[in-house]
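Let me begin by presenting the structure, written as structure tokens, before commenting on it.
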Amino acid sequence: MVDLPPGLTAVLPALACPHCGLGLDADGGTLVCPRGHTFDVARQGYVALLGGGAANLIADDADMIAARERFFATGHYRRFHDAVAAATADLPAELGPILDCGAGEGEYLARAVDARGGTGIGLDLSKPAARRTARRGPSIGSVVANGWDRLPVADGAVGAVLSVFAPRNVSEFARVLAPGGRFVVLTPTARHLRELVGPLGMISVEEGKVARLDGALHERFDLESRAKHEWVMELDADAAADLVAMGPSAHHGSAAERAAALAALTADGPAEVTASGTVSVYRLR
């Protein structure tokens with residue numbers, strides 16, 4: 001029998017049944033709600049709290065997660081990591097855990113929890129991502145869930161929600177945030193990875209992304225702060241390959257075409273590639 005991992009134990013009061021929304025209790029390695037819905041904890045330390053609406057969605061696979069881990073280990077995205085972590089560092093612990101919706105392998109969440117203290121919930125549809133997040137330590141609980149469904153989180157149970165290059169379920173984020181809680185969003189600008197978009201056929205970013213974000217949030221959230229972060233990275237062939245492989249562009253085009261384009265870009269040495277994103281911090285009214 002699998003015991004409930006420390007990370008899930010730490011965030012259990014904030015979790016809820018995805019079917020009925022009631023709270024969850026632990027029975028050994030199983031989470032149970034008062035209506036009898038049960039959810040077994042995987043031996044890798046995560047729990048799947050799925051309500052049944054994820055059949056047609058594409059989750060990150062193991063290769064994408066591995067590429068992201070390798071790229072993050074180079075430190076090229078450290079400014080993004082630090083900026084997101086700083087946005088929640090001063091939040092009182094009594095507001096509840098930090099929820100990262102679309103947590104991937106858990107790097108942004110782990111940095112935020114380290115900076116603030118307290119606990120965190122990493123939510124992602126990808127099981128390979130959840131396995132990695134489950135290894136982040138005893139303060140982080142890892143949950144497989146569909147971020148477009150009703151989130152398996154209790155009303156007003158979290159102090160902050162992170163959305164890093166991820167879709168945003170605004171009504172659900174407003175529901176699960178505690179009064180005064182923060183919503184931290186990292187969005188790419190149109191300049192992000194611009195040197196790679198054409199040669200590699202990567203997905204481009206439309207202008208006006210931040211304005212659309214404000215429009216989607218204005219009824220429930222007030223903007224507290226906003227900062228643009230932009231710098232030039234020098235990427236060798238391996239780092240550039242991982243950067244492409246870790247995101248949604250990994251699903252577009254052939255691996256052979258990407259490899260040829262990357263070889264051309266780095267033939268004379270590291271490629272200069274722009275990282276550009278905006279961190280917007282909102283407070284729930």
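Including glycine, each Cβ sits where the backbone N, Cα and C put it.
Listed in TrEMBL:
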BINDING   Cys33, His37  Zn(2+) binding site
BINDING   Tyr77, Glu105, Gly106, His192  S-adenosyl-L-methionine binding site
DOMAIN    16-50  domain '23S rRNA (guanine(745)-N(1))-methyltransferase N-terminal'
DOMAIN    99-185  domain 'Methyltransferase type 11'
Requested in this report: Calculate the distance in Å between the alpha carbons (Cα) of Cys33 (Zn(2+) binding site) and Glu105 (S-adenosyl-L-methionine binding site), and round it to a whole number.
Outcome: 27
Query raised in the report: Can you tell which of His37, His192 has the most other C-beta atoms within 10 Å, given these are the binding-site residues?
Result: His192
Requested in this report: Mind tallying the domain '23S rRNA (guanine(745)-N(1))-methyltransferase N-terminal' (16-50) by DSSP state, helix then strand then coil?
Outcome: 0 helix, 14 strand, 21 coil
**Report entry** Intrachain C-beta neighbours of Gly106 (S-adenosyl-L-methionine binding site), sequence separation six or more, cut-off 8 angstroms
**Finding:** Asp100, Gly122, Ala129, Arg132, Thr133, Arg136, Ile140, Ser142
Requested in this report: Could you pull out which residues elsewhere in the chain have a CB under 8 Å from any CB of the domain '23S rRNA (guanine(745)-N(1))-methyltransferase N-terminal' (16-50), counting only those six or more residues past its ends?
Outcome: 1-5, 7-9, 127, 130-131, 133-135, 141-146, 149-150, 152-154, 157
Query raised in the report: What is the separation, in Å, between the Cα atoms of Glu105 (S-adenosyl-L-methionine binding site) and His37 (Zn(2+) binding site)?
Result: 27
